Amino acid sequence: MKKGLRNWRLFSLFGMMALLLAGCGKPFLSTLQPAGEVADMQYSLMLLSTSIMVLVIIVVAIIFVYVVIRFRRRKGEENKIPKQVEGSHKLEIIWTVIPIILLLILAVPTVLATFKLADVKAMNVKKRDKDAVVVNVRANLYWWEFEYPDYGIITSQDLVVPTNEKVYFNLSASDVKHSFWIPAVGGKMDTNTDNKNQFWLVFDQKATDKAGGIFYGKCAELCGPSHALMDFKVRPLPRDQFDAWVKKMQNAKKPVVTDPVAKQGEAIFNKSCIGCHAVTPLDKRPAQARTAPNLANFGDRERIAGILEHNEENLKKWLRNPARVKPGNKMSGTYGHLTEEQIDALAKYLMSLKVE
Amino acid sequence: MHVEEKLTAETFPAAPERATLEGKNKFLGFWLFLGGETVLFASLFATYLALKDKTNGGPSAEELFQMPVVFMATMLLLTSSLTSVYAIYHMKNFDFKKMQLWFGITVLLGAGFLGLEIYEFTEYVHEGHKFTTSAFASSFYTLVGTHGSHVAFGLLWILTLMIRNAKRGLDLYNAPKFYVASLYWHFIDVVWVFIFTVVYLMGMVG
Amino acid sequence: MSTITRKKGVGAVLWDYLTTVDHKKIAHLYLIAGGLFFLLGGLEALFIRIQLAKPNNDFLVGGLYNEVLTMHGTTMIFLAAMPLLFAFMNAVVPLQIGARDVAFPYLNALGFWMFFFGGLFLNCSWFLGGAPDAGWTSYASLSLASKAHHGIDFYTLGLQISGFGTIMGAVNFLVTIINMRAPGMTFMRMPMFTWATFVTSALILFAFPPLTVGLIFMMMDRLFGGNFFNPAAGGNTIIWEHLFWIFGHPEVYILILPSFGIFSEIFATFSRKRLFGYSSMVFATVLIAFFGFMVWAHHMFTVGMGPVANAIFAVATMAIAVPTGVKIFNWLFTMWGGSIKFTTPMYYAVAFIPSFVMGGVTGVMLSAAAADYQYHDSYFVVAHFHYVIVGGVVFALLAGAHYWWPKMFGRMLNETLGKISFWLFFIGFHLTFFIQHFLGLTGMPRRVFTYLPNQGWETGNLVSTIGAFFMAAATVILLINIVITTAKGEKVAGDAWGDGRTLEWAIASPPPVYNFAQTPLVRGLDAFWIEKMEGKKELTPAEPLGDIHMPNSSFLPFVTAFGLFVAAFGFTYHNDAQWGLPVGILGLLITFGSMFLRSVIDDHGFHIHKEEVLELEKKEANA
């Protein structure tokens with residue numbers, strides 16, 4: 001067993017090292033670097049439960065190590081018959097009652113937090129406060145649509161929200177079940193095909209700055225071949241900048257293209273793409289008809305297809321064969337073969353779609 | 001006591017279904033199996049209750065259900081449960097002929113029930129209430145149909161036992177078999193009482 | 001019919017196993033089939049880890065990865081862990097209660113073949129278009145959308161078939177334990193593993209029907225135009241989630257309670273001490289099982305059930321930690337004051353405590369609903385349940401295999417190889433899964449086939465993959481050990497470890513076909529230990545030596561299960577091909593036909609005569 005102990009020590013050393021390397025993750029993605037009220041609340045629950053549990057582990061570990069070393073069968077004890085103990089009521093009561101107390105300490109804040117996080121009254125009152133921001137999130141294979149019902153605008157893939165205030169979400173899915181998760185900002189909630197879920201998040205300004213202005217969003221429910229690639233980005237803005245962004249989106253007209261190559265791209269787009277993709281934020285079609293991401297501010301986006309770095313090269317790669325980037329996506333096969341020239345034109349046009 | 005022993009009315013034990021270890025095992029095992037079946041039907045009922053108003057434009061429970069047919073079917077099945085009690089009563093008294101007679105009546109009543117159910121289902125289909133119509137229809141046919149297939153299985157089971165043992169008479173080898181078959185039949189009956197209440201009565205009240 | 005084992009040809013041995021109703025041989029069948037599925041599931045796990053070793057890897061991409069992932073989970077739970085536990089239950093429980101056989105030997109065989117053909121059917125999907133790809137939970141909207149191939153149909157039908165087998169096994173063990181205990185074996189004298197089997201069987205009996213119902217709904221929706229999970233026609237996919245988890249959570253206890261039972265036996269044996277707090281252990285087992293049915297919705301905290309439901313299920317879940325904690329401390333205090341011998345099974349048992357405690361405490365963390373919104377469907381959950389299922393169940397399976405191998409096969413597995421394989425497995429296990437907690441906490445969702453660079457997940461995933469190879473190496477060494485042992489292992493006596501406490505160690509290894517020549521009289525907990533302490537080498541018999549009644553072998557269980565296998569193919573393809581429906585009906589006819597034959601053909605079993613028993617016992621004593 002001596003050898004075993006040395007092994008244990010080695011192992012824990014390695015574990016600690018790996019931990020240090022991993023650190024607490026990236027500020028734009030990690031639940032361990034909470035960036036808002038919800039994530040804060042959840043983080044403190046994590047800390048509370050972890051500390052209670054570490055206490056339990058320490059107690060068990062001490063008894064464990066003592067027992068395993070002290071009571072091993074030594075040389076010359078081959079015929080030793082230990083006393084056959086039935087049990088001990090006192091001990092058994094102790095290790096029943098103490099865990100119950102520990103669990104109560106955890107249960108109370110858990111219940112309180114659960115109710116607090118589910119409090120969405122403010123978004124459902126008849127006369128909603130004008131300043132309360134509500135976003136309808138609609139999850140699709142494999143992209144996200146964000147509709148701002150109070151402002152009449154729609155965008156996709158990049159969620160823009162005001163900082164330091166509650167933002168309310170209506171969550172639904174249009175094809176299969178997904179789950180909406182911005183790890184740094186707060187826990188997830190499922191987007192179901194059967195009903196609408198509601199919850200709220202707060203995006204902290206300081207944390208946003210620390211994260212570089214962008215948070216990563218994920219789909220957390222297996223939804224098909226490209227589940228792993230169903231990312232979105234969140235761009236929290238100070239309230240005044242957010243209002244300005246909304247204004248710009250509301251005023252965005254049909255894009256005016258001047259560049260001759262982009263014009264050519266627009267022609268191709270209007271022939272092959274416009275059936276699904278809208279290019280203005282004011283898309284009046286019903287949700288079922290909006291079968292592809294809104295591209296009104298495509299030029300301002302963080303990523304191509306939610307995952308690739310935002311440049312023309314990647315956009316062309318995506319247009320050439322979307323299935324290579326996102327297997328199982330719904331865009332593959334909806335348009336005919338495009339020549340390199342057409343792809344160049346289309347990319348130019350798409351990159352010119354800007355609101356800001 | 002030995003299973004194959006030829007017995008008389010005097011030597012036949014009071015609880016022949018549990019007189020041998022095999023019988024005891026069968027008796028207990030079957031009760032446990034019915035426990036599992038109860039959970040199965042409970043799940044079907046729960047789903048039905050969740051989906052019963054989701055008619056998707058098809059006919060609703062209120063529009064479909066007809067009391068006369070359902071009531072008659074209920075009466076047939078309840079009576080068949082009673083007749084199977086008589087059969088077991090005679091089994092315990094070592095009266096093989098009467099047992100067979102009452103089981104025979106049980107089978108006839110059960111067949112009558114099944115006939116009515118098939119008639120009922122075809123009527124519904126004619127009225128546009130198909131399995132594929134709506135979530136309500138799917139859950140209705142699955143719940144009531146699962147019960148119906150239990151009835152059919154029970155009928156074949158009792159019939160097989162009657163024919164197989166027609167010449168042999170009663171002994172401790174087949175007494176437990178008759179007994180658990182009747183137990184199964186009672187279970188089917190109890191499930192129907194719930195179906196009648198939850199599906200039909202509650203459906204007609206709306 | 002002679003029962004004395006002679007050298008037999010391969011064909012005869014095969015036929016023997018195809019028709020056997022002997023619980024000990026059925027245990028071998030479960031061990032072999034479960035073991036093969038375990039290797040398959042392990043291979044799938046390795047593929048998963050290879051794909052995730054580095055960002056943007058292209059070893060298994062998209063849909064194919066999802067198939068491997070689904071089959072890894074489904075195989076490990078339904079086709080490896082449960083059957084392997086069933087192997088030990090079959091091998092040991094009748095012996096531990098002093099019975100000659102199980103209550104329903106025929107049903108026992110039928111249960112095995114149902115499981116086997118269900119598992120075989122499920123795995124046929126690999127060669128017929130594609131395996132199921134919606135995760136082992138197979139959430140309804142995704143499984144209904146998975147239309148490229150019949151994978152999900154293989155899942156629904158295969159699991160229904162194997163589920164029937166599992167329910168049969170459960171009823172069999174319940175009746176066996178209630179009705180077939182030897183004189184003096186009261187409930188509170190039953191070994192812990194028998195108790196665990198008893199409670200587990202009750203769990204199976206009540207937990208599997210909801211799964212069956214859910215699978216029927218899904219089959220109806222996919223193959224017969226049903227609308228249970230189709231929101232457009234009024235259906236509701238959340239119903240699937242409830243039905244699945246009403247089964248799925250008890251399933252966790254179906255796996256872990258027998259594992260607890262195995263460890264309880266091992267701790268007591270190799271500490272040379274009776275189990276500390278036996279009655280509270282029994283009570284805790286029952287309580288865990290009871291709670292197990294009230295907490296299913298903690299898998300659904302993020303579904304949107306509302307704060308009331310979430311809070312109730314959170315608190316109920318926390319409550320389970322109490323009886324589980326009681327068990328941990330009872331095991332520690334079983335060793336306290338004991339004389340611990342570190343054999344391979346004891347290595348696994350000792351290692352189980354810290355490993356399982358890790359999984360247990362993260363379980364409590366997950367139960368805090370508000371915080372679970374963060375953990376849910378992240379790698380934190382993956383780490384948690386692997387700590388519980390590998391650190392608990394797989395450790396128990398490996399411990400049990402080493403512990404009861406001599407009893408089942410009469411030869412001792414090599415201890416040196418066993419310990420090497422233990423260390424590799426133990427280190428590999430922690431290497432693989434510990435780091436995954438942090439992957440989850442730093443935002444990595446579960447069930448992703450790849451991840452992009454620069455999200456802080458590279459090191460963690462690489463470490464995890466390396467760990468997986470350690471476990472693979474451990475498994476290979478275990479296989480080598482088995483081969484060597486089978487070829488030239490050291491033959492062992494009845495009490496193979498020398499410290500056996502329960503009845504199975506009082507008879508020969510492997511036991512004779514009738515187990516006990518004379519049914520023993522049980523005089524207390526750890527019946528064999530009591531006899532040994534009084535200086536006796538054998539049990540006190542409860543009856544004079546006499547003829548022993550045995551059940552007949554039968555090929556019908558195989559045929560009955562095979563019929564369902566055929567039927568499942570027919571119904572899977574009935575929408576695509578003309579032959580579908582007829583084949584489906586043919587399969588059902590085979591099944592119901594063999595049930596009919598079973599019903600009309602009398603089966604009275606046979607007797608092993610007293611003289612034959614005496615001869616066998618004498619031979620055993622001389623060996």
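Note: Cβ is positioned from N, Cα and C throughout, glycine not excepted.
Values in this document were obtained by computation on a predicted structure and should not be read as measured data.
The annotation domain 'Cytochrome oxidase subunit I profile' is assigned in TrEMBL to C:9-523. The transmembrane segment annotation in TrEMBL covers C:29-50, C:70-93, C:105-128, C:157-180, C:239-263, C:275-296, C:308-333, C:345-371, C:383-405, C:417-439, C:459-484, C:555-573 (among others).
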Could you check if the transmembrane segment (C:555-573) is in contact with the transmembrane segment (C:105-128), meaning 3+ Cβ pairs under 8 Å among residue pairs at least 6 apart in sequence?
yes
Can the transmembrane segment (C:70-93) be said to touch the transmembrane segment (C:308-333) if we require at least 3 CB pairs below 8 Å and skip pairs under 6 apart in sequence?
no
Cβ under 8 Å to the transmembrane segment (C:105-128), counting only same-chain residues 6 or more beyond its ends: which ones?
19-23, 26, 29-30, 33, 37, 40, 71, 74-75, 78-79, 83, 86, 90, 149-151, 154-155, 157-169, 171-172, 551, 554, 556-558, 560-562, 564-565, 568-569, 598, 603
In the same chain, which residue numbers or ranges, 6 or more beyond the ends of the transmembrane segment (C:308-333), come under 8 angstroms Cβ to Cβ?
260, 263-264, 267, 275-277, 280-281, 283-285, 287-288, 291-292, 294-298, 301, 353, 356-357, 360, 363-364, 366-369, 372
By Cβ distance under 8 Å, which residues at least 6 away from the ends of the transmembrane segment (C:275-296) in the same chain are close to it?
188, 192, 195-196, 199-200, 202-203, 206-207, 242, 245-246, 248-250, 252-253, 257, 260-261, 264, 267-268, 313, 316-317, 319-320, 323-324, 326-327, 330-331, 333-334, 336, 525
Spatial neighbours of the transmembrane segment (C:459-484) far in sequence, C-beta under 8 Å, 6+ residues away:
39, 42, 45-46, 49-50, 52-55, 398, 413-414, 417-418, 420-425, 427-433, 435-436, 438-439, 442, 451
For the domain 'Cytochrome oxidase subunit I profile' (C:9-523), report the average pLDDT of the model, please.
96
